[in-house]
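Take a look at the structure set out below.
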Amino acid sequence: MLDVCLLGTSGMLPLPGRWLTSLMTRYNGSSLMIDCGEGTQIAVKQKGWSFNPIDVICFTHYHADHISGLPGLLLTIGNSDRKKPLTLVGPKGLGRVVSSLRVIAPELPFELKFIELTNQQEHLSICGYEIDAFRVNHAVICYGYSISIPRIGKFDVEKAKELGIPCSMWNKLQHGTAVTIDDKEYTPDMVMGAARKGLKVTYCTDSRPVQIISDNAKESDLFICEGMYGEDGKEAKAKEYKHMTFTEAAQLAKNADVREMWLTHYSPSLVRPQDYVDKARKIFPATIAANDGRTVELKFDDEG
């Protein structure tokens, strides 16, 4: 099971009742965050989730509304008795940007590890999360992220017994490690079924609608996508500032064959996003104009 919370939905600046866009997930005791603008830690507190388990923070880009909340968050995590390293992921220049922000958060009781993205597409494995970062089309270098939880196949008990593999060795095989018994090697594929469908969340803000987004969002259980503009007549402005309209996001969701899309990163001028979602739903019916704190528990297919 993967818990997903859209902490905030605002673009550019926080508003009363609308924090800056940020995502947080929880899986197997580890939390991951994408973006951390001003006030993000307040949104975490309002949700009631813990700071200490945050193991990974990914940044889409370095505009202030996506990273300016980091110093305060780091201090709060430090005050939660965290000692193990925290991994930060983002476009090239991450170390320099974070060092500048840490002028006001110089002492932390844990190490920061940096992963700087330089390629069009990169894959990372961190704390049980399979992360695919992909470069999108914004005014500055910007990445989207797909977060996947893979699921191995079922262990074939009868096959293991037939092969004479002792029960004490089963756990290793289930976790992908070969075992040797009486000079004979047994590999996981001998007793494991085909991989089962996992879980996938794709997150993209601050971009024009480009093919790489729908390619990476393909068959996501949840697609969280910016909808900067919902009103008619905003297409030219979206192109000029390299953002998206509700209908452009809906077309990406349709092309990617996702299960559900949450719109986020609304323009401050968009007071009631839900009033403009109907046109997007004509393109992709499972479109939701998300509000702050919207949460879902994504379950594997046989978990009900």
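From the backbone N, Cα and C atoms, a Cβ is placed for every residue, glycine too.
The following features are taken from Swiss-Prot:
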BINDING   His61, His63, His138, Asp206  Zn(2+) 1 binding site
BINDING   Asp65, His66, Asp206, His265  Zn(2+) 2 binding site
ACT_SITE  Asp65  active site, proton acceptor
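The 10 Å shell around the Cβ of His265 (Zn(2+) 2 binding site) contains 28 further Cβ atoms across the protein chains shown. Summary of the Zn(2+) 2 site environment: with the site residues Asp65, His66, Asp206, His265 set aside, the chain residues having Cβ atoms within 8 Å of the Cβ mean position are Gly11, Met12, Leu20, Thr21, Asp35, Gly37, Thr60, His61, His63, Thr205, Glu226. Cα-Cα distance from Asp65 (Zn(2+) 2 binding site) to Asp206 (Zn(2+) 1 binding site): 11 Å (rounded to the nearest whole number). Cβ environment of His61 (Zn(2+) 1 binding site): Gly90, Pro91, His138, Val140, Ile141, Cys142, Tyr143, Asp206 lie under 8 Å away, each six or more residues apart in the same chain. Across the fold, the C-alpha of His265 (Zn(2+) 2 binding site) and the C-alpha of His63 (Zn(2+) 1 binding site) stand 13 Å from each other. For His66 (Zn(2+) 2 binding site), the same-chain residues lying six or more positions away in sequence with a CB closer than 8 A to its CB are Leu20, Thr21, Asp35, Cys36, Gly37, Phe59, Thr60, Thr205, Asp206. His63 (Zn(2+) 1 binding site) counts 19 other C-beta atoms within 10 Å of its own C-beta, drawing on all protein chains shown. The DSSP secondary structure for His63 (Zn(2+) 1 binding site) is coil. For the recorded Zn(2+) 1 site, residues His61, His63, His138, Asp206 set the reference point as the centre of their Cβ atoms, and the other residues of that chain within 8 Å of it by Cβ are Thr60, Tyr62, His66, Ala139, Val140, Cys142, Thr205, Ser207. Counting every protein chain shown, 20 other Cβ atoms lie within 10 Å of the Cβ of His138 (Zn(2+) 1 binding site). In the structure shown, across all protein chains, Asp206 is the one of the binding-site residues Asp65, Asp206 with the greatest number of other Cβ atoms within 10 Å.
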